[in-house]
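**Student:** My questions all concern the structure below.
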Amino acid sequence: MAEYKLEVTTGNIKHAGTTDNIYVILFGSEGQSERTKLDNSGIDFKAGKTRTYTVKPASSLGKLLFIKVEKDPLFIFPENEWYCSTILVTAPEGDMIVFPCYRWISRGELVELRGGKGLIQINLLLFVQIRTGSIYKKNDVSQKLQHCHHNLLLFFKPICLHCFAHICFSGSELKFKGLAGSLKKWKDIDDMKNIFWSKKTTLSEYVSEHWKEDDFFGSQFLNGTNPNVIKRCSKLPPNFPVTDEMVKPFLETGTTLEKEMEKGNIFLCDQKIMDGIPARMKDGNPLYATAGLCLFYMNPEQKLIPIAIQLHQQPSEQNPIFLPSDLETDWLLAKLFFRSSDQIEFQAVHHLLSVHYLAEVFAVAALRCFPTIHPLYKLLIPHFRHTLHINVVGRKTLLGPGGALSEGLTELMRRALSQMTYSSLCLPENIAARGLETIPNFYYRDDALKVWNNINSFVKSVVEYYYDSDSNVCKDSELQEWVNEIFTHGFLKNKLSGCPSCFNTVAEVIKFITMVIFRVSAQHAAVNDGQFDYNSWIPNGSLLLCKPPPVTKGLSNMQTLLEVFPNVGDTVKIVSTVWILSDKYTDVPLGTYPEEHFDEPAPKQMIKEFQAELSYLSEEIATRNSQLKIPYPYLNPAVIENSVTI
């Protein structure tokens, strides 16, 4: 009789343990074991604990291939799901094989676990006779995704509870102050500084003091929450008739607009994607947004300043070009409306669509196409942690009845998706296409490119370890199915997007996976984590504006600004939301893999080297930030989440 030793580890998270009965069957190249109950004295499956069991088939099973795990009820006790981390099996011959699980298991489920080396399909000859298992059946993906949805609340519980605590705390404070739900208008801008007593950051305080300054306004288009829209301008759009005479006072003495464009010192932000978007409504009243153009100048002090703003696409007498020399409140209103539209585009396009929803496409395609033994599943799955769960919650909130994105902003996302390109998602190409390779003080670019290169180096080492030729890439049907599903369901088969529908070379795989990991980790950190810092001070730009933009100059005052701002209740709702979105809910920074999916020494060493490079970069960024008046901390690898978690 052969003896197999099983070391079964229950996850070290809340509610991971179970009192139900757990059974296993071992499958090998020479046969299978009997269905065996795992039962020792005492409580077997406690959170964070490892216990050892034995399975004794009549003879050796040969090369161990996979394990089936089943969970049955204990008497009439209610369901308590089990989160299994790993099962380490020591065979009679001395071989030790880790079978990663890292998932919840419910009663009546039969879960198959594959262990050992990562294997691509062309190397799976050993499994040809057993590919009827559900883990290899694409048609059975509905069961896997249904299970994922079934476990939504339990898997997401720590984050949900954290969010709930934030909401309760902030709601209690705001109700105590009489701010929550108030329909009153603000009587003084400075009153907004007292929304929260405790929740403030150094940068949010800085914003509240410097929001009127032009160089601070300009810096946000490089290092704020939306560094994705500004580009170098070599020729003015025909619908933006800025003249030398208009901007001469704001340029260096003796130069012209034409000369500064030739030098590469003029930049443009064009919100034409917003043109004609249906107005959002609130309480039966329209909320106002513009589709403006803003011209920026990089002055000799290396400060990016706005020098002209037009709030609608078509020039007319009712659509003047606002200048820094205009009445102070006219210029503040122009910047307020432009920043407001920038935030709307940022949230709908660059945050929700281009990060959250793309991450969901990547994740679902991976779950559908890759078996757990596939090395790219092992590489990618840690970067999809919590993504489906937060998106399910967010979709109901944002796109459901009365949701913030239930009206015109869905049209904005449709437009953005039709225009989205693969190259725009690949950071080096994006920066080059916008002509931003040399613009100074662009910390997002500097840090993001370094993170991109670190990820690319890590991905290259892993992919090349498993794919030693382009031929192997072409033969891996599961890899080809994965990218084709992304092309089909993420880019809607739009060939103009440039998104690949198949892979022909190892280099193509490396680039694509680098893009995926960067987008779901670093890019999400860049657009999400600074929201409270920059967007909690409503005069700096609000998602809600209650009065139409000015059509003439010289008629505004500070009271005009106060009328444009959302009321007290809506203001504090916005501030509370960006507080929740900007906080941290998990502690799994980029490059941290607490769930060990790889079994071979080589990829484990690659992970260590990746972590070391990220650590060096973290120190470099921290040193740089210590010398800046306005630090840029969001792409420090120490604070980048490994996946989209909020």
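Each Cβ is built from the backbone N, Cα and C atoms, and glycine gets one as well.
Okay, these came from TrEMBL:
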- 2-119: domain 'PLAT' (DOMAIN)
- G17: Ca(2+) 1 binding site (BINDING)
- D39, N40: Ca(2+) 2 binding site (BINDING)
- W104: site 'Essential for stabilizing binding to COTL1' (SITE)
- 170-646: domain 'Lipoxygenase' (DOMAIN)
- H351, H356, H524, I646: Fe cation binding site (BINDING)
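So that I understand the layout, could you describe where these features sit and how close they are to other parts?
**Tutor:** According to DSSP, the domain 'PLAT' (2-119) comprises 0 helix, 60 strand, 58 coil.
The 10 Å shell around the Cβ of G17 (Ca(2+) 1 binding site) contains 20 further Cβ atoms across the protein chains shown.
On the 0 to 100 pLDDT scale, the model's mean across the domain 'Lipoxygenase' (170-646) is 93.
The Cβ of H351 (Fe cation binding site) has T225, V527, N528 as same-chain neighbours under 8 Å, each 6 or more residues away in sequence.
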**Student:** Please name which of the binding-site residues listed here, G17, D39, H356, H524, is nearest in space to W104 (site 'Essential for stabilizing binding to COTL1'), Cα against Cα.
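**Tutor:** Closest by Cα: G17.
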**Student:** In Å, rounded, how far does the Cα of H524 (Fe cation binding site) sit from the Cα of N40 (Ca(2+) 2 binding site)?
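**Tutor:** Counting only the Cα atoms, the answer is 45 Å.
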**Student:** Sort out the sequence-distant neighbours of N40 (Ca(2+) 2 binding site) for me: same chain, 6+ apart, CB within less than 8 Å of its CB, listed by position.
**Tutor:** R51, T52, Y53
**Student:** Using a Cβ-Cβ cut-off under 8 angstroms and a sequence gap of six or more, which residues of the chain neighbour D39 (Ca(2+) 2 binding site)?
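**Tutor:** Correct list: N21, Y53.
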**Student:** Find, among the binding-site residues listed as H356, H524, the one whose Cβ has the highest number of other Cβ atoms within 10 Å in the structure shown.
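**Tutor:** Counting Cβ neighbours within 10 Å, the top one is H524.
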**Student:** If the Fe cation site is taken as the center of the Cβ atoms of H351, H356, H524, I646, which further residues of that chain fall within 8 Å of it by their Cβ?
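**Tutor:** Same chain, not in H351, H356, H524, I646, Cβ within 8 Å: L352, V355, A359, I390, V527, N528, L581, V644.
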